[in-house]
Amino acid sequence: MKTVVMKCGGSVLDELDDPFFISLKELMNDGYFPVIVHGGGPAINSMLEFYNMTQNFKNGLRVTCEKTMEIVEMVLSGQTNRQLCGILTKQGFNVLGMNGSDSLCLQADYIDKHELGFVGKVTNVNTDLIMMVVESGYIPVITPIGIAEDGSKLNINGDYAAASIAKALHAERCAFVTNVDGIMIDGKLVSELTALEIENYLSDGSIYGGMVPKVNSALAATAAGVEKAMIISGKKPFYKNNCWHGTVVAAKEGMLK
C-alpha cells in the first residue's frame, strides 16, 4: 500500500484551490493513500491574543504552558481540524478527523519541560490505528498533539509530526503543502535537490526569505529518516498523469529516482 503523508500548514488552509483537490483525487485514483497532518499557528496566535496571553518561541518552537496547551488543543482540534475536514468533505472526500493524543495515535515525550513546557517530540506512532482508518476508505486528518507517559497533552510541531508519521508508515513520500510551486533558485523551479545541495544553497543565500522555513521542513523530514520529502503547491496541480510537480528533497542523490 502506497501511503503519502501531506502536511498542510495553517496559513495555507484558506488558499487550497480546485487544482489541489483535482490532483488529490487523481493521486488516489492511481493507488496512493493520503494521510494529512495539519498545523494552525496563525489561528493559535489569534486566540492567544484574544485572551491577552504572552507568546514566546525558542528555536522556532512555541513555549507552551498548561493554559497555552489548552488553547492550542482547542484551536487545533476544535477549529482547524474541523475546518480542513469540512473543506475536504465539501470536495467529495471521505475524511476522519483525529486528535493525535487519542488512542495513543502519537505518543510523545517532553523536549525540555523546563525551557519549553508542554512541547513534545513523537516517540511512537500508532500505525495500526492510522492504517485501519485508511483501509476503511477514509483520509485521516491528524491534529499534531501527542500524549505523554504521564497523560499530559503535548504540543508537537506539525512538520515534525508529519515526518514522524511518514517514517513510521514507510510512506512513499512526505509532502509539505505551501503557497509556492516548489523551491526556487535564481527565479527558476528546481525539481530535485539533495539535502546537501539545499544546505549549500542556504549558505550562499540562493535560498532566502519565506522559502527558508519551507525548505527546513523538508530537511527535517529527511533528517528524521524519510527518504523523500517534497514541497508542493496548494494552488496548482501537484500531481498529474502519474507525475509529481514541485521539488523533491532526498537525503542522498540515489534516493531521488
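From the backbone N, Cα and C atoms, a Cβ is placed for every residue, glycine too.
Feature annotation from TrEMBL assigns substrate binding site to G40, G41, R62, N155. Listed in sequence order, G41, I44, Q55, N56, T68, V72, V119, N155 are the same-chain residues at least 6 apart in sequence whose CB falls under 8 Å from the CB of R62 (substrate binding site).
The domain 'Aspartate/glutamate/uridylate kinase' feature in TrEMBL is assigned to 2-233.
Within the same chain, residues at least 6 positions away in sequence whose Cβ sits under 8 Å from that of K7 (site 'Transition state stabilizer') are I36, V37, H38, G39, G158, D159, A161, A162, C174, A175, F176, V177, S217. Taken from TrEMBL, the feature site 'Transition state stabilizer' covers K7 (among others).
Sequence-distant neighbours of K214 (site 'Transition state stabilizer') (same chain, six or more apart, CB under 8 Å from its CB) are F176, T178, V180, I183, I231, listed in sequence order. Sequence annotations record features per position, and here TrEMBL assigns site 'Transition state stabilizer' to K214 (among others).
Reduced to three states, the DSSP call for K214 (site 'Transition state stabilizer') is helix. The DSSP secondary structure for R62 (substrate binding site) is strand.
Taking the binding-site residues G40, G41 in turn, the residue surrounded by the fewest other Cβ atoms inside 10 Å of its Cβ turns out to be G41. G41 (substrate binding site) falls within a helix when secondary structure is assigned with DSSP. Computed over the domain 'Aspartate/glutamate/uridylate kinase' (2-233), the whole-number mean pLDDT of the model equals 95.
Taking the mean position of the Cβ atoms of G40, G41, R62, N155 as the substrate site, the remaining same-chain residues with a Cβ inside 8 Å of that point are G10, G39, I44, V72, V75, L76, N157, G158.
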